[in-house]
Amino acid sequence: MANWVPLWLHRLGSPPVFYRFAGAVRPWALGLAIVLAGVALYGGLFVAPADYQQGDAYRIIFLHVPSAWMSLFIYGAMAVAAFVGLVWRIKIAEVVAMESAPVGAAFTFITLVTGSLWGKPMWGTWWTWDARLTSELVLLFIYLGVIGLYHSFEDRRQGARAASFLVLVGAVNVPIVHFSVNWWNTLHQGSTVRLLGPSHIETSMLWPLLTMMAATKLYYVASLFARVRADLIASEGGKGWVRELLAGRDGDAA
Amino acid sequence: MNASLAMGAYGFYVWSSVAVFFIVLLIDTLAPLARRRRNLRELRARIARQENRRRPGTPPSNESNA
Amino acid sequence: MTPGSTSAACAALLRRDLTLAWRRRGDIAMPVLYALIVATLFPFALGPEPALLARIAGGVVFVTVLLAVLLSLDNLFRADIEDGSMEQLMLAPQPLALLVGMKILAHWITSSLPLIVVAPLLAGMLKLPAPATPVLVFALVLATPLLSLLGAVLVALTAGSRRSGMLLALMLLPLCVPVVIFAAGAVAAAQEGLPWIAPIAWLGAGLAMAVVLAPLACAAALRIAMDT
């Protein structure tokens, strides 16, 4: 009945098919992401009313929270791809896992910087050793470790497999770090900062947030596909389909 | 318009956040495009080298059946 | 023990690694010397007031020991990979996880045990109150094998790569955050006269998990990284 779904996924595992599919999807995803981000930012920065407590500074939420969601979402996607790549040895899954890491690191970095820029006027400090902030910093280190391990191997596939294993180790580690930092904070009773008070969110604030979330998701798809295409050209350089691509359309199209 | 751009007293923080967001993602968008172009150029150069090696002299015997 | 049995193989491997380490006794002293140097530098950097030193002593000793372990981790499998005996171990009929576990045990005995022995000395130099010292040693006894086990997995992952000590540190940092928090937390609690058994129990739970899982993960990582 729904037999075509697994069949289609199976075909997508082949590098040339994925290359063409990614090339077709990427411009649409990127364009839609830019449009949605523009709408969301207009709604968030100009239309939504100022917060009665935080004034206009809360508007950073429209950049900060979607980025924070993406930093975790991309790690989840990367962990799934890494698991699939390790278990079934599907090359595309390995490439997807490895090329997700830089995008995830970018979003984690944005989360940390925008969080600091939000914290400075609100709490008077740009950094506090809170469980969420520390976990996010640790997440950035894991992303950097994955990228570093991948690039330290001469053989790309071997590097991808080793780094995929590190991704799975990190997936176990992040919740443990979060828990231990929480425990540590109760021990030290230092600066207990409430990050988000128990406030219900207005519709005029909610829709830009959700739109921005969709935009960052689409952006991830676009960036990931561009990266996978660049990676496939290098790693499949000797194969016939890449040569046909070069000879056929001069390489810049397709 | 000017008042809403100033974001109360927090214009610096809000607009630097927007700037960081777009600069990082712009770099993230451009890097793979540049990498793909470089990979394609290198590949094209490699194929051209192989062609050159095959063409000018006598046709190599070990690759004639390839 | 019949020759060729798993237990005999483990014992033989442990004896071999300990003998090799004993032949190069100078290397065993290196992490200890490093820890001593770092602990000596702290009072010069922070000033000699005993109250300040006592407050930071536990944390400084832990970070120092952690860095010394990290320094010695780099050559956990190196000699075996370079002379080919790692391939022999991977081809052996005994389970690789057990054999790797023995190597980690030997590494812990030769690198971490001396550090635990000198830890009270370091703590004394940094004016850690005497009642907290047994807790420090106890926490170290639980934390250092945990660090060795976690580090061994990462060292195994870098087995086939170009060497980079910084990369190992970058990968180990996220893993050792909970270890440092609980180990140093136990000492801090003991110093303030609070009950310190809870963080020690968490460390013990982590160690029990790691003793079972880390050798398996280490063996899997070695097979991935050495796969050619």
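All positions are counted from 1 along the displayed chain.
Backbone N, Cα and C define each Cβ position, glycine as well.
What TrEMBL lists as domain 'Cytochrome c assembly protein' is A:28-188.
According to TrEMBL, the transmembrane segment annotation covers A:28-48 (among others).
What TrEMBL lists as transmembrane segment is A:68-88 (among others).
The annotation transmembrane segment is assigned in TrEMBL to A:100-119 (among others).
Sequence annotations record features per position, and here TrEMBL assigns transmembrane segment to A:131-150 (among others). Within its own chain, the transmembrane segment (A:131-150) has Cβ neighbours under 8 Å at 68, 71-72, 75, 78, 98, 101-102, 104-105, 108-109, 111-112, 115, 159-160, 162-163, 166-167, 170, 173-174, 177-178, 181-182, 185, 195, counting only residues six or more beyond its boundaries.
Among the features that TrEMBL reports, transmembrane segment is placed at A:162-185 (among others). For the transmembrane segment (A:162-185), the residues of the chain that approach it from at least six positions outside its boundaries are 75, 78-79, 81-83, 85-86, 94, 97-98, 101, 129-132, 134-135, 138-139, 142, 145-147, 149-150, 153, 192, judged by C-beta separation under 8 angstroms.
Sequence annotations record features per position, and here TrEMBL assigns transmembrane segment to A:205-226 (among others).
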Legend entry - Residues of the parent chain within Cβ reach of the transmembrane segment (A:205-226), under 8 Å, 6 or more residues beyond its termini: 22-23, 25-27, 29-30, 32-34, 36-37, 39-41, 43-44, 47-48, 61-63, 65-67, 69-70, 73-74, 77, 96, 99-100, 103, 107
Legend entry - Positions on the same chain near the transmembrane segment (A:28-48), where near means CB under 8 A and six or more residues out: 59, 61-62, 202, 204-205, 207-209, 211-212, 214-216, 218-219, 221-222, 225
